[in-house]
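S.K.: Okay, here's the structure, questions in a sec.
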């Protein structure tokens, strides 16, 4: 009986997968990822395999919750420890796809934890945030990476920008749910077109995160409207243009000597390696930062596909490590001029 019910629910789930998107991904990613695509595809189309990490909120820390997670067999992320892993960042993983319930938003009450794809922490950690730095999160909604940044260090100033007004509301609510009032005073939230930020605040920031709009592989596969999905696919080739414009703006906003991290949640080479290669070829004052050590340290919790870049990582979903897709590239602005 249980098997019959499971088969029924699997059939129901399979109907929700958008064939237009899956066929498109099949053609592209079987070429780009080779044999690894079969495993990645099987995980992406089976939400029951997806895993959720638990990021503890240091501003409303619960010893009982941490004790409970340990008893249930959860383990902390990056047990191998990165050289710059902050002790204040506590994220717990389970090998099983069980999901804790999300906490409700209540005005005046800070949440104890945030559920996220563990690979989302890779760009945050690559930024190597230090206390007192001026930080820009250029495409900040829904706010998970901003929350994670604040678990790592106390910035002197954090600018969270989101151009989309609906997503901006979501961002504000996330910050309100996790960050205490005194710290909110060092956070600015804006609704600027990210492409204009560099001109508005030139060389203002020590660290910049560009978590760019991209073809979100996980959500696109479950598009309920196949017409809209087909439209998305046809416009997909325009995304790298926007991504490069956002990066150019971010480079202007970054002070010389500062670090920039670019991330997406897609497997697409056109939106990942190709974008970064073009930026590196266009600027003499933007240098790649070797990030291979991060992949070595994180290999027990993540699976990485080769990117052909020392400055770029691609975390791909795998059995028991269903995190990603998440592409991360790390760049540094040198003190020399661009021309």
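All positions are counted from 1 along the displayed chain.
Just so you know, glycine gets a Cβ as well, placed from its N, Cα and C.
Keep in mind that this is a model prediction, so the values were computed, not measured.
In case it's useful when we look at the structure, here is the feature table from TrEMBL:
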ACT_SITE  265  active site, nucleophile
BINDING   139, 140, 141, 142, 143, 144, 145, 162, 193, 211  S-adenosyl-L-methionine binding site
DOMAIN    44-334  domain 'SAM-dependent MTase RsmB/NOP-type'
S.K.: What residues, ordered by sequence, lie under 8 A Cβ-to-Cβ from residue 143 (S-adenosyl-L-methionine binding site) and sit at least six positions away in the same chain?
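M.R.: The answer is 160, 170, 171, 173, 174, 175, 178.
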S.K.: Mean pLDDT for the domain 'SAM-dependent MTase RsmB/NOP-type' (44-334), as a whole number?
M.R.: 94
S.K.: Validating a neighbour-count step here. Other CB atoms within 10 A of the CB of residue 139 (S-adenosyl-L-methionine binding site): how many?
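M.R.: Excluding its own Cβ, residue 139 (S-adenosyl-L-methionine binding site) sees 22 Cβ atoms within 10 Å.
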S.K.: Given residue 145 (S-adenosyl-L-methionine binding site) and the residue listed as 'active site, nucleophile', what distance in Å do their CA atoms have, once rounded to a whole number?
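M.R.: Counting only the Cα atoms, the answer is 13 Å.
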S.K.: Counting across all protein chains present, how many other Cβ atoms fall within 10 Å of the Cβ of residue 265 (active site, nucleophile)?
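M.R.: Residue 265 (active site, nucleophile): 21 neighbouring Cβ atoms within 10 Å.
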S.K.: Would you give the longest CA-CA distance, in whole angstrom, between residues of 139, 140, 141, 142, 143, 144, 145, 162, 193, 211, the set recorded as binding S-adenosyl-L-methionine?
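M.R.: So the binding residues stretch over 20 Å, Cα to Cα.
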S.K.: For the binding-site residues 141, 145, 193, which one has the sparsest Cβ surroundings, going by other Cβ atoms within 10 Å?
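M.R.: So among 141, 145, 193, the binding-site residues given, the one with the fewest Cβ atoms within 10 Å is 193.
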S.K.: Rounded to the nearest angstrom, how far is the Cα of residue 139 (S-adenosyl-L-methionine binding site) from the Cα of the residue listed as 'active site, nucleophile'?
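M.R.: Residue 139 (S-adenosyl-L-methionine binding site) has its Cα 13 Å from the Cα of the residue listed as 'active site, nucleophile'.
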